[in-house]
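Record features (Swiss-Prot):
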ACT_SITE  84  active site, proton acceptor
BINDING   11, 12, 13, 14, 15, 16, 17, 18  ATP binding site
BINDING   114, 158, 159, 160, 161, 162  substrate binding site
BINDING   139, 142, 171, 174  Zn(2+) binding site
């Protein structure tokens with residue numbers, strides 16, 4: 001049995017996680033691998049049939065809120081890309097299952113909430129990943145490297161999907177002010 005591997009791409013809002021996911025999947029597509037990208041069904045800001053970056057670059061995708069619900073559609077797939085991995089409750093078990101089937105899994109996800117706490121169980125994927133990439137954004141206040149996402153509203157729910165109208169990428173100093 002050939003084993004696949006897991007590549008986890010982490011970072012705050014606006015750090016280029018989805019852009020990197022799209023870039024990596026496109027490389028595999030050029031090399032004629034059969035690829036499938038999965039997106040979180042509740043993130044429909046730009047549409048339901050593709051993963052979009054904030055600057056409207058996109059790649060075709062299937063939407064779901066449970067990864068295992070679509071596992072049977074992946075038999076002929078070599079590469080599985082997952083965007084917004086932090087929102088999937090079954091992300092850890094699914095990625096391990098798919099990688100153990102010999103497939104390459106690339107996951108883009110926020111590592112922390114707007115409160116700088118672990119987002120869902122995404123950090124539990126780190127010990128199972130062969131490669132972990134941590135991206136930084138640019139602080140939208142002082143323009144230094146930004147490692148955190150700061151919410152602009154007083155809404156308290158963890159799952160609040162949005163872009164620049166709801167979040168800033170910030171450095172430590174600007175997060176605390």
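From the backbone N, Cα and C atoms, a Cβ is placed for every residue, glycine too.
Positions of Swiss-Prot features highlighted on the structure.
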{"residue": "11", "record": "ATP binding site", "Cβ within 10 Å": "24"}
{"residue": "12", "record": "ATP binding site", "Cβ within 10 Å": "27"}
{"residue": "16", "record": "ATP binding site", "Cβ within 10 Å": "17"}
{"residue": "17", "record": "ATP binding site", "Cβ within 10 Å": "25"}
{"residue": "18", "record": "ATP binding site", "Cβ within 10 Å": "22"}
{"residue": "114", "record": "substrate binding site", "Cβ within 10 Å": "23"}
{"residue": "158", "record": "substrate binding site", "Cβ within 10 Å": "13"}
{"residue": "161", "record": "substrate binding site", "Cβ within 10 Å": "13"}
{"residue": "171", "record": "Zn(2+) binding site", "Cβ within 10 Å": "22"}
{"residue": "174", "record": "Zn(2+) binding site", "Cβ within 10 Å": "18"}
Exercise. With an 8 Å cut-off on Cβ-Cβ distance and a minimum sequence separation of at least 6, pull the same-chain contacts of residue 15 (ATP binding site), or say none.
Key: 135, 136, 137, 146, 169
Self-check item: Reduced DSSP assignment, residue 17 (ATP binding site)
Solution: helix
Practice problem: Could you check the recorded positions 84, 159 and say which one's CB has the most other CB atoms within 10 Å? | Solution: 84
Practice problem: Round to the nearest Å and give the CA-to-CA distance linking residue 14 (ATP binding site) with residue 159 (substrate binding site). | Solution: 17
Quiz item: Rounded to an integer, what is the Cα-Cα distance in Å between residue 18 (ATP binding site) and the residue listed as 'active site, proton acceptor'?
Solution: 8
Quiz item: Cα distance, residue 114 (substrate binding site) to residue 13 (ATP binding site), nearest Å?
Solution: 10
Quiz prompt | CB-centroid shell, 8 A cutoff, Zn(2+) site 139, 142, 171, 174, site residues removed | solution = 140, 141, 143, 144, 146, 170, 172, 173, 175
Self-check item: C-alpha spacing of residue 114 (substrate binding site) relative to residue 12 (ATP binding site), in angstrom
Solution: 9
Quiz item: Which residues, same chain and not among 11, 12, 13, 14, 15, 16, 17, 18, have a CB within 8 angstroms of the centroid of the CB atoms at the recorded ATP site?
Solution: 110, 135, 137, 169
Quiz item: Where among the binding-site residues 13, 142 do you find the Cβ with the fewest other Cβ atoms within 10 Å?
Solution: 142
Exercise. Have a look at the binding-site residues (139, 160) and report the one with the fewest Cβ neighbours inside 10 Å.
Key: 160
Quiz item: Of the recorded positions listed here (11, 16, 84, 171, 174), which is spatially closest to residue 159 (substrate binding site) when Cα positions are compared?
Solution: 84
Self-check item: Pairwise Cα distance for residue 11 (ATP binding site)/residue 84 (active site, proton acceptor) [Å, integer]
Solution: 11
Quiz item: When you put residue 17 (ATP binding site) at the centre and draw a 10 Å sphere around its Cα, which of the recorded positions 84, 139, 142, 160, 171 have their Cα inside it?
Solution: 84
